[in-house]
Structure formats: C-alpha cells, structure tokens
Amino acid sequence: MRRPRLALVPGEPAGVGPELAVAALRRESDADLVVFAEAATLARAARVLGTALTFHDSRADRAQLGDDGVRLVEVPNVAEAAFGSPDPRNARSVVLALRMAAEACMAGEYDGMVTGPVHKATINAGGIAYTGTTELLAAHAGCEVVMMLANPLMRVALATTHLPLRAVADALDGERLERTLRILHAALRGDFGIDDPLVAVLGLNPHAGEQGHLGREEIEVVAPVLERLRAEGMRLDGPLPADTAFLPRRLAATDAVLAMYHDQGLPVLKYSGFEQAVNLTLGLPYPRVAVDHGTALDLAGSGRADPSSMLAAVAACARIAGVRRTREQQR
Ligand SMILES: NC(=O)c1ccc[n+]([C@@H]2O[C@H](COP(=O)([O-])OP(=O)(O)OC[C@H]3O[C@@H](n4cnc5c(N)ncnc54)[C@H](O)[C@@H]3O)[C@@H](O)[C@H]2O)c1
Ligand SMILES: N[C@H](C(=O)O)[C@H](O)COP(=O)(O)O
C-alpha cells in the first residue's frame, strides 16, 4: 500500500514551527510529506539545526530526493520576521498556507494535514479574525468538528474551544453537545478502532453542579443529552465532577474525556504528557493533526525546541490516513 501523502504546514515563521518541520522532514516516518511554506523560512530553520535543504516540486519522485530533499508548495511571506518576533504582515501568508493545504486535502491530493503552531494574536493583529485552526478548517470544510488532544495516557475532547470563559456557559447547548458526542464517538470507532468506546463527560460547575445547588447546566443541558444517547447504546459516564474524573484508576477505564471548556481538560493532558501529545480535529473529511504546543517564541531560533509532538503528529496523521484508506478500500 502506498505511503500516506501528508501536507505539512509549519505555522508561524517566527516561532519554532519551521524548526520542528525541518526535524520532521529529516526523520524517517511512515508518510510522504509536502511542506506548505516559504523556502527561505525553512532554509533559515535548517541552518539553526545545522543542516541544509534542497527544494523540489510537490510532485517530485521520492527517488529524486536526496536526504536533504524537500517537496514544497511555496507560500511566500511578506516580511522576514526575527526569531521570536512574529510580524503581523505575515498573517495573510500564515493563514493562506493553511487554506491551501486544506483545499488540497479536500480535493483528495493529500491524505491528511499536519500543522505546527500559529500565533493567534498576531494573525488578529494582521487584520484576520481568527480564533484557531480548528475553527478555520471547520469553516473551510463547512462541517462541525471536535477538538481532541491525545497523549499515551488520555484523550481529552472539548465541548467548547476558543472562547472567553465568560461565554462558556451560554455556549453550552444540548443539540450542539449531542452532535459533539456523535462526532467523538464516530472518531473513536473509525479512526481509533475502539468498537464500543466509553466516554466520560464532565460537568461544567464545581462538583458537577452539586445536584443543582452550584449551577444547573448539568441537569438542564448535559444529563438529558447523555440519556438520549445512552438510549441509543452509547456508553457515557457523567456528568462527572471534573476534579476527580482524571484520577488514574478512572481514566484507565475510559477511552476519552469530554471536557466542557478548554482549560478544564487541556492542563491535565498537557501536564501528564506535553511532549507526546497531539491535537486532532475530528469530523473533517480528512485527518488533521497538530502539535499540542504553541509557538514557543522564547525558544525560536535556538534549536532547543523539542520536536516530539511534531513527530507524534506526523505519526498519528499517517496512521489515521492509513486506517481511513483501508476502510474505503473495503467498502
Ligand atoms: N497548535 C497551535 O497552533 C497552538 C497551540 C497552543 C498555543 N498556540 C499559540 O501559541 C502562542 C504561544 O502560546 P503559549 O506561550 O501559551 O504556549 P507555548 O506552548 O508556545 O509555550 C508554553 C511553554 O512551553 C514551552 N514549549 C512549547 N513548545 C515547546 C517545545 N516544542 N519544546 C520545548 N518547550 C516548548 C515554551 O518554551 C513555553 O515555556 C499563542 O499565540 C497561542 O495561541 C498555538
Ligand atoms: N487549543 C489548542 C491547544 O491549546 O493546544 C491550540 O490552541 C491549538 O488549536 P488550533 O489547532 O485550533 O489552533
């Protein structure tokens, strides 16, 4: 079977993304990578790592590539931003690279997309309203998605993603939550091969609302959805108090945790395994896997950024792309 062909988008040029992309390109992996970025930015990152790259057309044959060969779709930047100092003038090219890769994935030219970190504030400062790549790809594909981060110890999906904490309670909606659980369930089955997954669903409030004395979202929004889906046969635990849902013995029996908001779930996951964690966008027509960390501006240009999450993202995307291709061939 042919190796999965993946679009690799390094992200913010002034961050660690280009260095991590070079690290991924120089490692043996189960995928053929095509980078959507600027050649000069990648060449600069390669120099930081004490290596050099030669650039080829995105369709170049593997045999044409030496150890230093890179297939590239060139996306030029406006400014050469110093390491650690993102330039808002590059916002357009950072987003364009993501859009071009998404377009190519939608057209079936690639089997999946791997992304490095972008700097959300800089993109907004550049005049592009942007909350996250998850949301951008969902809008581009015209579908609902679920953000899920995973490391070897746990999978944590989010009912709401990038929004102010003040807006979270209002954003929780039964119909949306039901769709989130369906997307998560389908991905655990299809992409992860878990036939009958058990999902632990957290409450929103302390102690999962303490029977309505500390908030009513558990009673009015979460529990009715869980009842409906349990009636269909889904295995769902909850709404659970978030403070004890991550105890190791509970996690051991759980295939994924659904947190109600970003910082309810992600600090636990990142604390328990920052290096090996990846960020997946579930529900897209193609697999998209990202690093679990940000632009690490303090490390950009130092060559000290740890490439583990990027390597894990490439491996996860290649694996899921392979699973999906096998499934399609069996249809
Ligand atoms: N996948 C993404 O695109 C993504 C993910 C998270 C944050 N971000 C964005 O990144 C920007 C900076 O965010 P932040 O400072 O909160 O988080 P960050 O992850 O960039 O940095 C947090 C800490 O982790 C360290 N770190 C991060 N990646 C590392 C690596 N590969 N190796 C070693 N150490 C590493 C940094 O040096 C820093 O000390 C923000 O604009 C944020 O929105 C993007
Ligand atoms: N929420 C993610 C995290 O904290 O790791 C991160 O911001 C990236 O999300 P996008 O892939 O949607 O940009």
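Note that the numbers count up from 1, one per residue, in the order the chain is shown.
Cβ from N, Cα, C; glycine included.
For T134, K270, N279, R288, the entry in TrEMBL reads substrate binding site. Residues or ranges marked as divalent metal cation binding site by TrEMBL: H162, H207, H262.
In the structure as shown, the Cβ atom of T134 (substrate binding site) sits within 10 Å of 24 other Cβ atoms. You'll find the Cα of K270 (substrate binding site) roughly 12 Å from the Cα of H262 (divalent metal cation binding site).
Here the Cβ of H207 (divalent metal cation binding site) has 16 other Cβ atoms within 10 Å, regardless of which shown protein chain they belong to. By the rule that a residue counts when its Cβ sits under 6 Å from some atom of ligand 2, the binding-site residues T134, H207, K270, N279, R288 yield T134, N279. In three-state terms derived from DSSP, K270 (substrate binding site) belongs to a helical segment. Taking the C-alpha atom of H207 (divalent metal cation binding site) as reference, the shortest distance to any of the binding-site residues T134, N279, R288 belongs to N279.
Residue with the densest Cβ environment among the binding-site residues H162, H262, K270, R288: R288, by other Cβ atoms within 10 Å. When the alpha carbons of H262 (divalent metal cation binding site) and N279 (substrate binding site) are compared, the span between them is 12 angstrom.
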